[in-house]
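Inspection log for the structure reproduced underneath, given as structure tokens.
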Amino acid sequence: MKAVVFAYHDIGCTGIRALAEAGYEIAAIFTHADNAAENHFFASVARTAAELGVPVYAPEDANHPLWVDRIRGMKPDAIFSFHYRHMLNDDIINSASLGAFNLHASLLPKYRGRAPLNWVLVNGEQETGVTLHRMVKRADAGAIIAQNTVAIADRDDALTLHRKVCAAAGELLAEALPAIKIGEFSEHQQDESQASYVGRRTPEDGRIDWHLPAQRVYNLVRAVTDPWPGAFGYVGTGKFIVWQSKIHYDRAAAKPGTVLSVAPFVVACAEGALEIVTGQSESGVYMQGSQLAQTLGLVAGARLYNHPAAVAKRRTRVLILGVNGFIGNHLTERLLVDDNFEVFGLDIGSDAIGRFIGHERFHFVEGDISIHSEWIEYHIKKCDVVLPLVAIATPIEYTRNPLRVFELDFEENLKIIRDCVKYKKRIIFPSTSEVYGMCTDASFDEDSSNLVVGPINKQRWIYSVSKQLLDRVIWAYGDKEGLRFTLFRPFNWMGPRLDNLNAARIGSSRAITQLILNLVEGSPIKLIDGGRQKRCFTDIHDGIEALFLIIENKQKNCDGQIINIGNPENEASIKQLAEQLLESFERHPLRDRFPPFAGFREVESSTYYGKGYQDVEHRKPSIRNAKQLLNWQPTIAMDKTIDDTLDFFLQSVEPGDAEE
């Protein structure tokens, strides 16, 4: 049987050797180039491939069409992925006659995602394991072929557990690979109700919070100890690293972070105390805890901190223009949850952001971006990140007010972009799924899909083209003048505070708001062209989390990128959306306050939108970039989003409004 392998790290080497021992013909091995910033304590897949005489490649993007064609040309029977860091696209997965298989270092469906080995220790789990499963679109969600459990001892740390997991992987593959080779294996679907997800960990995640119980701090220390970057704390302005620790439950209670003794070096936590057995100062060498306490100049009663004591915290200042809008107000809520951000906002109204007025990290001015240009320029200069969210984005306005769409969406936003260039500020710009237009691809890819629009006399494309031209201008500024930017493309985000019913009354709202108005008023639901158009509906909370990760940009990998943010799993026609909404409406506790359902009515788009309208039959995103760059994927089902959105609007209707 011929296999193509994607592999990295010790588990990658384990998988490759297991394939060779099972008699597989390995046509090629794909791995990652070594990163000089990493601690290379693990074996080299490239060296293993060379020892076996197998061709090895380390492309920056294995999903590129050129590599896909080469892999197809190899005619593999199976694809195997062992600790490879990137998602593989459908073209690669489907290139093998038997399919693609991934070895994941957890007992799926728990701990899907990145760094499960560290996370199980952080969370104090008593067992983990390895899972061989089929590869599907969603990360780590395919049918399970085999699993092997690994017990986690109280004294295990990341390295000892890593070795156990590698051994378990070898045992599992020794049994599973021969069975796959002869086609005698079974598989079962994962229980989605038991699924959990974890994200990539960074060195910053090793920061010790002394206000946690000692058990939690101990778990963190062992989860990130050498050869990982280590858990760390601060004495004054100095940073120190904890490599080994021990829990003490018999110490008298004290304020968290208080040094209880220096020989041994024991620190109070919220529950119990932690002995620092070994550690080092940031610029020092590995040493015993008591020597570390002496080196740091500590005495009993001194305090340790989570941050450098003498350094004032510098929050990231985020400027949101259009802060009262659907995305703006939800994003503000998410940013204010994190103490690292301060929000400055401008909008012509404040009804959706009233809950933030008075918050110490929220600063709002009521104004119009076409008038308050001096205020905007000053705050672009003052802030770190700029999100210009002001735009006319309702389809009926594209044909009803095309010039206003161009003036606001293009001309006013171009001024903001130029100010970001002038003051060298990072801009996160809301592109749109509309830029793909009538693209014929099964799923729309940020880097390869064509952007296809209709003739000039179809004015509905003025929004799409205005946004596309701004995308191109931003890209050019990034290429020629060093503008830091990310373009994000929302795909049909839905949720509470999307538009309002008054906007729906004049036809200037998104589809679901218009449908809810029909139900509230007892008028027929209008299905434009029969409601055949398919869209992928995305919960606002999923979308905002992705946008937050772009702003946070922990890995510094979002600059110069275009990122689709949508939910390919939530694809439905407008008619299906209306039918699901009706079901939710009929079972809602407030149903009896509203008139009877008046039925569906099919309407031609030219009658509803005007002669300049042209529709798109389908619009499905590829979210490969979001998965790779953000370690993000949507999790919220469409029916929950519909329920939440409907409930918000029904709760907002005052008695008597439905009869107006």
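Using N, Cα and C of the backbone, Cβ positions are placed for all residues, glycine too.
Listed in Swiss-Prot for this protein:
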type	residues	note
REGION	1-304	region 'Formyltransferase ArnAFT'
SITE	Asn102	site 'Transition state stabilizer'
BINDING	Arg114, Val136, Lys137, Arg138, Ala139, Asp140	(6R)-10-formyltetrahydrofolate binding site
SITE	Asp140	site 'Raises pKa of active site His'
REGION	314-660	region 'Dehydrogenase ArnADH'
BINDING	Asp347, Asp368, Ile369	NAD(+) binding site
BINDING	Ala393, Tyr398, 432-433, Arg460, Asn492, 526-535, Tyr613	UDP-alpha-D-glucuronate binding site
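The two recorded residues, Ala139 ((6R)-10-formyltetrahydrofolate binding site) and Arg535 (UDP-alpha-D-glucuronate binding site), have Cα atoms 22 Å apart. Non-local neighbourhood of Ser433 (UDP-alpha-D-glucuronate binding site): Phe444, Arg489, Pro490, Phe491, Asn492, Asn564, Gly566, Arg619, Pro621, each in the same chain, at least six residues away, with C-beta under 8 Å from its C-beta. For Asp368 (NAD(+) binding site), the nearest neighbour among the listed recorded positions (Asn102, Val136, Asp140, Ala393), judged by C-alpha distance, is Ala393. Cβ neighbours within 10 Å of Arg138 ((6R)-10-formyltetrahydrofolate binding site), excluding its own Cβ and spanning all shown chains: 18. Ranking the recorded positions Asn102, Ile369, Asp529, Arg532, Arg535 by the distance of their Cα atoms from the Cα of Val136 ((6R)-10-formyltetrahydrofolate binding site) places Asn102 first. Within its own chain, Arg532 (UDP-alpha-D-glucuronate binding site) has Ser573, Ile574, Lys575, Glu617 as residues 6 or more apart in sequence whose C-beta sits under 8 angstroms from its own.
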